[in-house]
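Please read the structure below before turning to the comments.
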Amino acid sequence: NETNVTGFVLIGFSRFPELRVPLFVLFLLTYLVTLTGNILLMTIIRLHRHLHIPMYFFLSILSLSETCYTFAVIPKMLANLITEEKSISFTGCALQMFVFIGFGGTNCMLLTAMGYDRCVAICKPLHYRVLMNGRVCGQIVAFVTVTGFTLSLIDTYFIFTLPFCGEKEINHFFCDMGPVIQAACTKNNGIEVVIFIFCVVVVLGSFLLILLSYVWIFSTILKIPSTEGKRKAFSTCASHLIVVVVHFGCASIIYLRPKSTYSLEGDTLISVTYTVVTPLLNPVVYSLRNKDVQLALRKGL
């Protein structure tokens with residue numbers, strides 16, 4: 001019987017009771033390091049004028065987005081690991097999904113913008129300052145943010161208009177799209193198709209644009225006569241490539257599936273990767289591989 005649902009139960013880690021405390025400690029430490037790394041990276045970029053260029057501007061926005069992205073999921077996950085009460089209200093679940101998908105989509109498109117920035121810097125170096133001026137960068141950030149949260153609002157609205165019966169268990173540690181759709185009373189294939197289309201537009205569309213940017217980048221690098229010149233040009237893209245491969249790899253496995261064939265055992269590890277590990281990867285990769293950031297960090301310390 002269809003009733004007004006007031007909440008859900010998140011059963012993500014319930015099947016691993018002996019690991020709850022170790023997982024809590026591990027995730028808490030990782031989260032603190034992620035917050036520290038992203039905040040430190042944003043602060044360094046803000047305080048050092050030689051980092052006030054489009055590449056680092058997009059990187060600081062990505063760090064801010066990653067910080068908000070993790071805040072939507074990890075605190076609730078940590079609370080569920082150490083308490084017996086694992087419920088989340090209907091409104092809280094919808095809000096968590098909206099914020100998570102919004103920042104997740106924004107991150108995908110920000111990585112695309114960063115790929116375009118590297119493409120212009122390498123392929124059109126003489127026009128770089130004109131094509132990537134402050135106004136253009138601001139417009140790009142505004143566009144990806146509005147687009148990400150608009151699509152998130154549409155996704156969340158479609159999902160939470162589905163009928164739910166009584167207090168439902170969600171086979172995950174947060175309110176992700178697939179597990180929530182699976183918890184509905186009816187199997188609405190139309191909703192799944194709409195959600196899949198949006199995921200293809202954001203995830204696959206962003207990845208294909210990045211791939212197109214790197215086709216142009218590599219074709220330009222191959223024309224550089226000196227080996228040292230090729231190495232320097234490629235080194236400016238290496239950090240971005242690492243983050244792109246991990247981010248889109250996890251997102252593709254989870255979201256580019258036409259049906260909600262989600263299982264707790266199969267998806268928990270991947271979900272932990274893109275909610276806990278990937279946000280940590282951004283400041284670590286860029287701080288370890290980028291000499292400008294390393295120099296600014298040493299000066300700041």
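Including glycine, each Cβ sits where the backbone N, Cα and C put it.
Bear in mind that TrEMBL entries carry predicted annotations, made automatically and left uncurated.
Sequence annotations record features per position, and here TrEMBL assigns transmembrane segment to 23-44 (among others). Nonlocal intrachain contacts for the transmembrane segment (23-44), taken as residues 6+ away from its ends with a CB within less than 8 angstroms of a stretch CB, comprise 13, 16, 51, 59-60, 63-64, 66-67, 70, 74, 77-78, 81-82, 276-277, 279-280, 282-284, 286-287, 293, 296-297, 300.
Taken from TrEMBL, the feature domain 'G-protein coupled receptors family 1 profile' covers 37-286.
Residues or ranges marked as transmembrane segment in TrEMBL: 56-74 (among others).
Outside the transmembrane segment (94-116), and at least 6 residues removed from its termini, the chain residues within Cβ reach (under 8 Å) are 55, 58-59, 61-62, 65-66, 68-69, 72-73, 76, 88, 140-141, 144-145, 147-149, 151-153, 155-156, 159-160, 174-177, 180, 202-203, 206-207, 209-210, 213-214, 240, 243-244, 247-248, 251. Positions annotated as transmembrane segment by TrEMBL: 94-116 (among others).
Under the heading transmembrane segment, TrEMBL lists 136-160 (among others). Sequence-distant contacts of the transmembrane segment (136-160) (same chain, at least 6 residues past either end, Cβ-Cβ under 8 Å): 54, 57-58, 61, 90, 93-94, 97-99, 101-106, 108-110, 112-113, 177, 180-181, 191, 194-195, 198, 201-202.
Long-range Cβ contacts of the transmembrane segment (193-217) within its own chain (Cβ-Cβ under 8 Å, at least 6 residues beyond either end) map to 105, 108-109, 111-112, 115-116, 118-119, 122-123, 148, 151, 154-155, 158-159, 177, 181, 233, 237, 241, 244, 248, 251-252, 255-258. Under the heading transmembrane segment, TrEMBL lists 193-217 (among others).
Residues or ranges marked as transmembrane segment by TrEMBL: 238-256 (among others). Remote same-chain residues near the transmembrane segment (238-256) are listed as 104, 107-108, 111, 114-115, 118, 176-178, 196, 199-200, 203-204, 206-207, 210, 214, 267, 270-271, 273-274, 277-278, 281-282, 285-286, 289-290 (criterion: CB distance under 8 Å, separation of at least six residues from the stretch ends).
What TrEMBL lists as transmembrane segment is 268-288 (among others). With a cut-off of 8 Å between Cβ atoms, the residues of this chain six or more beyond the transmembrane segment (268-288) that come close are 12-13, 27, 30-31, 33-34, 37-38, 40-41, 59, 62-63, 66-67, 69-70, 73-74, 77, 172-174, 176, 239, 242-243, 246-247, 250-251, 253-254, 294, 297.
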Distal contacts, the transmembrane segment (56-74) - CB-CB under 8 A, six or more residues away: 27, 31, 34-35, 38-39, 41-42, 45-46, 96, 99-100, 103-104, 106-107, 110-111, 113-114, 117, 137, 140-141, 174, 275-276, 278-279, 282-283, 286, 292-293
